[in-house]
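Novice: Okay, so TrEMBL annotates it like this:
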type	residues	note
DOMAIN	5-107	domain 'Prepilin type IV endopeptidase peptidase'
TRANSMEM	24-42	transmembrane segment
TRANSMEM	49-69	transmembrane segment
TRANSMEM	81-113	transmembrane segment
TRANSMEM	148-169	transmembrane segment
Amino acid sequence: MPLEFILMTVLVISFVTDVKSRKIYNTVLLPAFFIAVIGNTWQEGFQGLTTSLLGFVVGFAILFIPYVMKGMGAGDVKLMAVIGAFMGPTFIVTTAIFMAIVGAVIATILITLRLIRSGQTKLLLGHTSLMTYRMKLSLFRTHSKNNAFPYGVAIVAGAFITFFTHGVIRL
């Protein structure tokens, strides 16, 4: 359980820094990686080491192609790899599925709000007006030219949903 709490701390820090500065820092991720590998090896021996390293590779691989295609930042890729190092390949695959769902929902909301703000609501909603016209999602306000949102938000949400579905966190 202590490794999970350390990972949750890393996730919260990464969420905050990604939202505020659009960066997920190596100074957080590198020590976290070593803690994950050493902790899993300490708890489970060679099996823990292999699970941790395999989780790292799977987590890295999931976002590597989007990163190469400039659709993802390096911090996002490294965060997924660190999550995999802590929790293993099964957990990181489940996290990736939830991450994709959360990312799609956030992207849909942002696209909808941009269409509403640009006056193209007739394309989207016919003649219906929405109260969300004036809504400002400062959390997801873009800071770059490509109008992307900080994807660390979706990664962290996916990881916490996976914690719930795996029974690590209970309400």
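The first residue you see is number 1, and the count goes up from there.
Every residue, even glycine, has its Cβ placed from backbone N, Cα and C.
Heads up, TrEMBL stuff is auto-annotated, nobody curated it.
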Novice: Taking the transmembrane segment (49-69) as reference, which of 24-42, 81-113, 148-169 has the most Cβ pairs under 8 angstroms?
Specialist: 81-113
Novice: If we skip the immediate neighbours and take only residues 6+ beyond the ends of the transmembrane segment (148-169), which ones have a Cβ under 8 Å from one of its Cβ atoms?
Specialist: 4, 7-8, 11-12, 14-15, 17-19, 22, 24, 72-73, 75-76, 79-80, 83, 87, 91, 94-103, 106-107, 110, 139-140, 142
Novice: Please list the DSSP helix, strand and coil residue counts for the domain 'Prepilin type IV endopeptidase peptidase' (5-107).
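Specialist: Summed over the domain 'Prepilin type IV endopeptidase peptidase' (5-107), the classes give 92 helix, 0 strand, 11 coil.
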Novice: When the pLDDT values for the domain 'Prepilin type IV endopeptidase peptidase' (5-107) are averaged, what is the result?
Specialist: 97
